[in-house]
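Please read the structure below before turning to the comments.
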Amino acid sequence: MMEIQMDEGGGVVVYQDDYCSGSVMSERVSGLAGSIYREFERLIHCYDEEVVKELMPLVVNVLENLDSVLSENQEHEVELELLREDNEQLLTQYEREKALRKQAEEKFIEFEDALEQEKKELQIQVEHYEFQTRQLELKAKNYADQISRLEERESEMKKEYNALHQRHTEMIQTYVEHIERSKMQQVGGSGQTESSLPGRSRKERPTSLNVFPLADGMVRAQMGGKLVPAGDHWHLSDLGQLQSSSSYQCPNDEMSESGQSSAAATPSTTGTKSNTPTSSVPSAAVTPLNESLQPLGDYVSVTKNNKQAREKRNSRNMEVQVTQEMRNVSIGMGSSDEWSDVQDIIDSTPELDVCPETRLERTGSSPTQGIVNKAFGINTDSLYHELSTAGSEVIGDVDEGADLLGEFSVRDDFFGMGKEVGNLLLENSQLLETKNALNVVKNDLIAKVDQLSGEQEVLKGELEAAKQAKVKLENRIKELEEELKRVKSEAVTARREPREEVEDVSSYLCTELDKIPMAQRRRFTRVEMARVLMERNQYKERLMELQEAVRWTEMIRASREHPSVQEKKKSTIWQFFSRLFSSSSSPPPAKRSYPSVNIHYKSPTAAGFSQRRSHALCQISAGSRPLEFFPDDDCTSSARREQKREQYRQVREHVRNDDGRLQACGWSLPAKYKQLSPNGGQEDTRMKNVPVPVYCRPLVEKDPSTKLWCAAGVNLSGWKPHEEDSSNGPKPVPGRDPLTCDREGEGEPKSTHPSPEKKKAKETPEADATSSRVWILTSTLTTSKVVIIDANQPGTIVDQFTVCNAHVLCISSIPAASDSDYPPGEMFLDSDVNPEDSGADGVLAGITLVGCATRCNVPRSNCSSRGDTPVLDKGQGDVATTANGKVNPSQSTEEATEATEVPDPGPSESEATTVRPGPLTEHVFTDPAPTPSSSTQPASENGSESNGTIVQPQVEPSGELSTTTSSAAPTMWLGAQNGWLYVHSAVANWKKCLHSIKLKDSVLSLVHVKGRVLVALADGTLAIFHRGEDGQWDLSNYHLMDLGHPHHSIRCMAVVNDRVWCGYKNKVHVIQPKTMQIEKSFDAHPRRESQVRQLAWIGDGVWVSIRLDSTLRLYHAHTHQHLQDVDIEPYVSKMLGTGKLGFSFVRITALLIAGNRLWVGTGNGVVISIPLTETVVLHRGQLLGLRANKTSPTSGEGTRPGGIIHVYGDDSSDKAASSFIPYCSMAQAQLCFHGHRDAVKFFVSVPGNVLATLNGSVLDSPSEGPGPAAPAADAEGQKLKNALVLSGGEGYIDFRIGDGEDDETEECAGDVNQTKPSLSKAERSHIIVWQVSYTPE
């Protein structure tokens, strides 16, 4: 029961009364209590109340113990029965799985045997095919050898044939010489022979039929008349010329004929021998074989009969080879003596001398005819032309046996030569027959080879068909394997159904499987089985992770909506027996063994809070039930609220237990102890600087559905307002910054103290101009808004405006342009790159740049103050949006993002530790959009935009941009869930968007390093932006740096010195922003599914938190060595009780280092502050860390967490301040009683001093604990710096008081049907502000 009392000073005293809750006792205890009650009534009636006054508490205690033991016994029996049933089910399932495994093994053995049998059959077929192939190859080889032998035999026969031709030619020449010699010998007696034989009847010779070669190599025609062969233009003009060129002239025709036919043949008139090489002439000096054989047969018929002549003529069809030795042999003489006589006769007779000119003319003027063999001077065509021009009578005379040899008689010894010629012709005919037979055999062999080649082609086709069938079978096997995996997945899904359905499906599958023959069942190899098992293990691992997340989510939801009824309730029996002493049903207020916690809160002064400030920290309206999916009646809702209050009451009772810890300023502090220090054991004074809570209130009271997402303090470093030109815009008044007013009024120098989390050891610390102004991102069902407050006056909202209609996930304050920033041109290629080569690829320090660097002056973007800017375009269908209003606003975006991330197989352990040489970096260029029209419709509503769209600034009426809204000044960068990035000014005209760009995925984190802004996207890429030449941010050119797979996101980033640490999956990538290279990668957690969520840096240490993990890990900033592990779950369980409100599952949702403290926010709304120490004392007195100093390292100690770590400053500079490692000890941890109902969304630290403004009025009175409430005004106090730490989250709770809804009973007592508000004040989004004093390092 909540009671509120007003004191005279205007303050409100609020305290909590305990009262009983109605719980039913067991029947046995109730009956026993009734019996004892009646007995007590009888005793009181007889003897008065004093008799049972001392006895009744003992009896009540016994009954309570009995009731608790009885309930525990019943629970144990129920649990035992459940365990027995589970055991039986497990045994049954084990037996069934065992039988199924045995069946599967048997089937696998059968499959393997069938596969082996099929493999053997295929092997036999392959061997058979190989044997046939070898046989065919052997046959082909034999045929090739036979063909080669036949070709050799054919060549040999050709050689023999040529030899026979040569011999035949020689014989013919010898025969012709013999005939000519015989004629020459019989020249003298020819006249006598004719006179002695006057009555000899002979036939006339054919006209001009002379076959005897003369000296000039021409065959002469004698008969009268001019012979004009066809085509001859060298014929003789008249008979006189023909007769003058002959060897002899006869006075009459008869002598002319005999002289012409008996003329001697001489090689030349000059007597010289011809040197013409050996040439081939046709047989009997005739070229056309078929036409020239007939006259030659007639010529031979002098010694043979007509039949033999015809046989020789028909069988002679080859050319005669004339050897070179026979070219100088004279024709017509048998010896040299006879030739000398003839030569003398020729020389003495001028008529016998042939004219050289005529011979030359006759022999050299025919292009187609002439002497073939110059050695013998024979005209090969003369006989042919004579026969062709002669009539049929002459040819008939020749066939009948004309006397070609004239009147000469032939001797008998010449008939033997003709026989030999006939034998040669017969042998020639036999050789021709043999040749024809060989040709027939050759043709048969060629046909056989063709047949074998065809058979080989057929076999090749069959083999190719077998290969194709094999490929088809392999594809079929793969399809069956895919179907098997699909069926397995369906079976796994079916296992999750009720057990009866699974059994029915299993029996059905077994029945169907039995119907299929063994040969047709699916087969898969051992490799496939191993792959399936590996995939199953991966799916199991992912399923366990998802079950863990679901378990945590269900635990939180159940703790809110369906809390379990507690076992032990002391007030039940007391309420039953209280009726003995009082007739009133209302229980008396219970006495406390400890003083009640009072909260004094005075009204603020004029300079401080406004009058609409709440009167007390816990002045909270009636609580309401959380968001429910199904409507419940009023009775169920009341029971749920009652159970929730009981849970918070148990937490309150546990917190109030005296465990030796101190309570001061709303914190649970450990007992004081003296901490060892390197100086000699002086007491550490940091324990005295306890954070003081100064403010707690809903951020926006008008809209109860507002949710907080993120926040950031304004960083004004590097910005000098007095340098701005007043003509270009309104000059910011220094008084507009409340922090500036307060510090100037107090006489403090402006921003002279450095923020400890922003210090860098290697550069000169400059004046930190961090403002006390804080930008907080809130969202409703439709829009996201920015609420700007001053931490010194958190109750006053400076300004608020709408950003977009999607959730804004991150915000970061970017300082003004500084001389220490990287030059803007370093991210471009060399200046000599042609701007027109838009497709050129360049390499810059190992970075792949896509496109070319065009140094274009893009006008600065500007978005007018709008309430509904970026609408999700069609190309971004995968990005979640809340425009339709169907997304649950209470669902955390980080949980939604976790659900979309799928763990990949990832590299091996060895690959995980290696550093990649360089990420894939893409240089993106976006074309400037055209100047928007006068309409106020945003450019993002066109619907045709793509990733990288730039919204350009709207030009003011004056045509110039105000310098106060220039992005060269401090700016605030906001990243939305739909991929939009907004840039607003942090100094003036906050509502005006200076730049905006659409990226390809959700923006999750933003950091700034020396003129570079790194934007982490949900697809695992980093977008790196830089300033332009004029100092303003240029969003038209940026780099995309790919860190991994697109289904893993970069969840967090932190600036460590001049490096950026990126949390990607379970790894931390250390990136150099200047070179855009990954310098180092290491695993922050051994499991790939455990993602890095928060990073906090100070000095030489970086604290890292892991998703769904309560352990914080400390890593060295330079060596990346794992230094310390801190688990907060035991501490939270000890402070708030194990299992209370689902606190057994602790996860870290917010992390910050401020005021020399490590601030930790959990998913349960608990805020923990751990002082940072230079040394950590373990239980055995061992030191965990030492102060860093300027000495050289001596050894490499500290290889594991808990060892001694020696850290040394930078040796390159003597002026560099030595940094320290921020160790933490849970023995010094401090838990704040002020927390949130849901997860702590963010921590923000800004400089400020609220205590001076409130004149000592704080939320928790300093008198509660011995800790100081405000810094002392002595010399030590002048060195202390003040900082304000803000936390934001859903709802508010004080763990010392409980739910804070006890006043709801009184408010709702009068009207039972009163409708409760949709969201109580305690469940709205709250911000809590602490002030902490610390000594700068």
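Including glycine, each Cβ sits where the backbone N, Cα and C put it.
Looking up Thr276, Thr931 in Swiss-Prot shows the phosphothreonine annotation sitting on Thr276. Feature annotation (Swiss-Prot): of 357-379, 633-655, 1300-1322, the stretch labelled region 'Disordered' is 633-655. Scan Swiss-Prot for phosphoserine across Ser677, Ser1192, Ser1261 and the hit is Ser677. The DSSP breakdown of the region 'Kinesin-binding domain (KBD)' (50-80) into helical (H, G, I), extended (E, B) and coil residues amounts to 28 helix, 0 strand, 3 coil. Per-residue pLDDT, averaged along the region 'Kinesin-binding domain (KBD)' (50-80), amounts to 89 for this model.
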